[in-house]
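All remarks here apply to the structure that follows.
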């Protein structure tokens with residue numbers, strides 16, 4: 001029997017974040033503001049880095065790409081979520097669902113790899129400051145960003161192929177606000193044990209291995225700081241604190257969702273909000289409010305604009 005005959009589901013019904021109409025209206029306003037902050041905040045960072053001569057170090061090169069990925073990642077889920085908060089029936093076509101799954105994993109995985117690359121950059125900058133410019137060159141940065149995109153593309157293709165090969169013969173209701181692997185596995189009318197293990201091995205292994213690399217890199221940084229002066233230690237830790245905050249906010253929920261068998265919990269939706277919306281919104285705030293160079297660059301650009309006008 002062909003897969004087309006097995007699959008008689010042409011659309012899925014999303015349960016969304018909440019069924020309560022009053023709560024949905026409050027969430028609509030809230031997430032509309034969140035999404036606006038994500039777009040404006042991350043665009044501001046990209047423009048500032050591109051237009052400021054002093055922000056030309058690898059750290060800001062990675063940060064500009066991280067901001068672009070944050071905009072893209074949140075755009076995969078946020079507009080649909082915001083729209084669905086005001087409609088009675090929240091539907092998404094089968095093709096749209098698979099496309100959303102692919103895009104979410106593409107940008108989410110790219111963010112994981114970029115955060116890991118940024119930790120490598122900080123590790124070299126603090127542990128080998130004299131060799132930093134020779135090790136972390138523009139070419140190396142370019143290769144790291146390219147590898148992040150390619151690795152994420154391969155990961156998302158695997159996830160999408162696994163999901164698209166599953167037969168869906170009803171019911172078609174997804175207890176989530178976007179299409180993800182675990183909720184889809186729950187609806188498949190076949191044994192999904194092997195696919196579920198593969199999903200955990202794919203998504204979970206990437207999240208956990210990158211998190212381990214991050215922890216090791218910061219452990220190396222802490223060890224190397226023991227020989228520094230107290231002022232040097234504080235300066236280095238202050239530089240890394242923004243990145244550590246983002247890593248904890250992003251990796252914690254990702255590991256919770258993907259480092260377990262293919263089961264779904266009621267808390268999954270709220271946990272997913274963290275890495276699809278909250279973290280992309282907080283990234284520009286964390287990196288600007290705690291970074292004097294970025295704030296100074298923004299002030300200079302603003303004063304230049306005022307002088308021109």
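Using the three backbone atoms N, Cα and C, a Cβ is placed for every residue, glycine included.
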Notebook entry, point to check: Which residue range, 75-97, 98-120, is the one TrEMBL calls transmembrane segment?
Noted result: 98-120
Notebook entry, point to check: In TrEMBL, which of 121-139, 140-158 is labelled transmembrane segment?
Noted result: 140-158
Notebook entry, point to check: Between the transmembrane segment (237-258) and the transmembrane segment (23-47), are there three or more C-beta pairs closer than 8 Å, counting only pairs 6 or more apart along the chain?
Noted result: no
Item checked: Close approaches to the transmembrane segment (23-47) from elsewhere in its chain (Cβ under 8 angstroms; 6 or more beyond its ends) -> 16-17, 63-64, 67-68, 70-71, 74, 78-79, 81-82, 85-86, 277-278, 280-281, 283-285, 287-288, 294, 298, 301
